[in-house]
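Pulled from TrEMBL, these are the features on record:
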{"type": "ACT_SITE", "residues": "Cys17", "note": "active site, nucleophile"}
{"type": "DOMAIN", "residues": "17-237", "note": "domain 'Glutamine amidotransferase type-2'"}
{"type": "BINDING", "residues": "Cys255, Cys416, Cys467, Cys470", "note": "[4Fe-4S] cluster binding site"}
{"type": "BINDING", "residues": "Ser302, Asp379, Asp380", "note": "Mg(2+) binding site"}
Amino acid sequence: MEPGGDHIDGDEPREKCGIVGVSLTDRAAVRPLYYALYALQHRGQESAGIVTHDGFQQHSHVERGLVGDAFDERALESLAGSTGIGHVRYPTAGSLDKSCAQPFSVSFKSGSLGLSHNGNLVNADEVRAELESAGHAFTSDGDTEVIAHDLARNLLEEDLVRAVKHTMGRIHGSYSLTITHDDTVLGVRDPLGNRPLCLGKLEDGYVLASESAAIDTLDGELIRDVKPGELVVLEPDGAGYDTYQLVDAGSTAHCFFEHVYFARPDSIIDGSLVYEVRRELGRKLWEESGVESDVVMPVPDSGRAFASGYVDAAHETTADGDPRAEDDGGVEFAEGLMKNRYVGRTFIMPTQDERERAVRLKLNPIRSTVEGKTVTIIDDSIVRGTTSTQLVELVREAGAEAVHMRIGAPPIVAPCYFGIDMATREELIAADRSVEEIRERIAADSLAYLSIDAVAAALEASRADLCLGCVTGEYPFDVEGETTDRRVERPEFSGVPADD
Ligand code: SF4
């Protein structure tokens, strides 16, 4: 389901962050940053922040809440300068620790730094401990500050590019970063390209953003994705950019969930339009596990692209894979679930009973669409199963004769350690249950998920180039207590930055 959208509270994976950076020729950066953050709002709704640099000093404003609430006119006017970065964020835990809100900004001997981070380091504690023993004092427990301190230390001794390279050699985990070092804006993507980051051209400068939809919002043009292990340095006058391939890991670990779930359908990520990938996933879902029914209904909004691909494929072939006869209309696509857009995450449900009925506040079936019919509901994921159980019940109560569930992704069997707030293993309904056991639990007449191979095919990627940790339990980074799906080199700590 859509991030922050349709699942009831606690039953959705949450992207933790969206990031942006701009460098303009002769115009304040703050408005483009502000608009870009609006375009990335789906990636984090707990806090928003902007750091700019006017050539002399750094300006920062970070506040709780949605972008529209975090900035007023006065705050925007205080953010002077033609370069800057921005961030929207979810907290790691339920409540927001403002010291962890971003961009993180600080001034060192080596200059002022601002950092926006999307992702999660798995060795932040080791790097932090080493920096602390070298005299660095931390103001937050976030991993972004760890990156800032490490970079600041390196910048005392070497140029910007070498400093970033050394930091990349020491941190392990997922990260897409936009950074200001004085009035220079940088973009960095981790060596496996786990989290997205793209580069775009504006009329009078350049932009880096988590998703290309943010570039579209600024009337810019997507140039390309930042490559895994690449550093992009935007010139302070917005006239151009330089790139440095600092690490070449030889393979990638793109988060497949970006395409399935997190990213906006109108974004292009790692070369694929998210909307088209979701339609293709829907087509494959029909090919793998299509079930003939009177009506196919997406869960609004993010189930739509899946359902449209599913129904398209269903018009071409029967569930058995035979060509559909001309006089057989196939299955009907219907918007049978209406969404109340005004039930946000702040809705308070004090009792378990209320929580269990929460989906009724968010979604309402159109009785005439489902009454007396066999219905297939298309959704993009099942996390804990609470929402699915309620949905099936709701549609049955509205008169459906049978309710089938089809899911456009493989079962989520393990948590994510790389910047997605998924749920713990104990909370995941698929962690220790078969598909049949889940079907029983959500009380659907049938249930099927998409295969991992179908996901890889839709993304035109090999399994080895995707992160599939949450659906296989094997991860591309070295996470303590977990297994890896590749040879992973976790940085070793000797107390001094590694040699070039
Ligand atoms: S574990 Fe899952 S959600 Fe996390 S980065 Fe990997 S694919 Fe994405």
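Glycine residues also receive a Cβ, built from the backbone N, Cα and C atoms like all the rest.
No curator has checked TrEMBL annotations; they are predicted automatically.
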> About how far apart, in whole Å, are the alpha carbons (Cα) of Cys17 (active site, nucleophile) and Cys255 ([4Fe-4S] cluster binding site)?
Replying inline: 14
>> Counting across all protein chains present, how many other Cβ atoms fall within 10 Å of the Cβ of Asp379 (Mg(2+) binding site)?
In response: 23
> Looking at the binding-site residues Ser302, Asp379, Asp380, which has the shortest Cα distance to Cys470 ([4Fe-4S] cluster binding site)?
Replying inline: Asp380
> Considering only the binding-site residues Cys255, Cys416, Cys467, which residue has the minimal Cα-Cα separation from Ser302 (Mg(2+) binding site)?
Replying inline: Cys255
> Can you list which of these recorded positions (Cys17, Ser302, Asp379, Asp380, Cys467) have a Cβ closer than 6 Å to ligand 1?
Replying inline: Cys467
>> Using Cβ atoms only, which residues of the same chain lie under 8 Å from Cys467 ([4Fe-4S] cluster binding site) while being at least 6 residues apart in sequence?
In response: Leu192, Asn194, Ala253, His254, Cys255, Phe256, Phe418, Tyr475, Pro476
> Under DSSP, is the residue listed as 'active site, nucleophile' helix, strand or coil?
Replying inline: strand
> Which value does the mean pLDDT take for the domain 'Glutamine amidotransferase type-2' (17-237) in this predicted structure?
Replying inline: 93
> What's the CA to CA span in angstrom from Asp379 (Mg(2+) binding site) over to Cys416 ([4Fe-4S] cluster binding site)?
Replying inline: 20
>> What's the number of neighbouring CB atoms sitting within 10 A of the CB on Ser302 (Mg(2+) binding site)?
In response: 25
> Where does Ser302 (Mg(2+) binding site) sit by DSSP, helix, strand or coil?
Replying inline: coil
>> Validating a neighbour-count step here. Other CB atoms within 10 A of the CB of Cys470 ([4Fe-4S] cluster binding site): how many?
In response: 28
>> Test of understanding: give the count of other CB atoms lying within 10 angstroms of the CB of Asp380 (Mg(2+) binding site).
In response: 25
>> Radius 10 Å, atoms counted are CB only; among the recorded positions Cys17, Cys255, Cys416, which position scores highest?
In response: Cys255
